[in-house]
Amino acid sequence: MLLWMVLLLCVSMTEAQELFQDPVLSRLNSSETSDLLLKCTTKVDPNKPASELFYSFYKDNHIIQNRSHNPLFFISEANEENSGLYQCVVDAKDGTIQKKSDYLDIDLCTSVSQPVLTLQHEATNLAEGDKVKFLCETQLGSLPILYSFYMDGEILGEPLAPSGRAASLLISVKAEWSGKNYSCQAENKVSRDISEPKKFPLVVSGTASMKSTTVVIWLPVSCLVGWPWLLRF
């Protein structure tokens, strides 16, 4: 008698488990929109009595929508903070049957905005060897962002990946940069964009050391009679 009761219980539990299949979690709307709409789908055995099902949603193993009859989960204007691993759970009314979907990885990274490039230098007239700083900044875009600097299409130095939304490059001026276009590029795993090109200032002839040199001409004392100053060029 006890054996029959065990067998009947096993059969009953097996049939209960087959009332509905393992759920599948999917994203309904396009990844190009800012809204997030998820649907938890399961198939109920048509030969079994109708069962009242409840849907729960989880993000990174934390519940975000507890048992309800709604198989949909919606976030309006979702942002990067809503990225994560999502999962749904379907269970029967009495809670005896519970099935989980596989994880769905939602990545809500945003594209970089067009970077703004500025040139900073102390010298009034740039000469070869003077130090200048290129500063590339973006207002929007998921981190990390990779920055690259260009002079007439040729990369300057190595690409930079700082922790923030700006990168700077300190570099010595070259004579051939005179009047050429310079720009910077910002790139993350979603998109890339390039700043508006700008003209590099004219580079004066000579080097930075020559530009700052004072030339002193020594004349005989007899030539300086009546001259209260020393000639400098």
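Using N, Cα and C of the backbone, Cβ positions are placed for all residues, glycine too.
Not measured: the values here are computed from a predicted model.
The signal peptide annotation in Swiss-Prot covers 1-16. The feature domain 'Ig-like 1' is assigned by Swiss-Prot to 23-98. The disulfide bond annotation in Swiss-Prot covers C40-C88, C136-C184 and is backed by sequence analysis. What Swiss-Prot records for 115-195 is domain 'Ig-like 2'. Under the heading GPI-anchor amidated glycine, Swiss-Prot lists G206, citing sequence analysis as support.
Where Swiss-Prot records a feature, it is marked here on the structure.
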{"residue": "C40", "record": "disulfide bond", "DSSP (3 states)": "strand"}
{"residue": "C88", "record": "disulfide bond", "DSSP (3 states)": "strand"}
{"residue": "C136", "record": "disulfide bond", "DSSP (3 states)": "strand"}
{"residue": "C184", "record": "disulfide bond", "DSSP (3 states)": "strand"}
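Counting every protein chain shown, the number of other Cβ atoms lying within 10 Å of the Cβ of C88 (disulfide bond) is 25.
Taking each Cβ in turn and tallying the other Cβ atoms within 10 Å, the top scorer among the disulfide-bonded residues C40, C136, C184 is C184. For the pair C136 (disulfide bond) and C88 (disulfide bond), the C-alpha distance works out to 43 angstrom. Averaged over the domain 'Ig-like 1' (23-98), the predicted model has a pLDDT of 89. In terms of DSSP helix, strand and coil, the domain 'Ig-like 1' (23-98) has 3 helix, 39 strand, 34 coil. Taking the Cα atom of each, C184 (disulfide bond) and C88 (disulfide bond) are about 44 angstrom apart. Summarised by DSSP class, the composition of the domain 'Ig-like 2' (115-195) is 3 helix, 45 strand, 33 coil.
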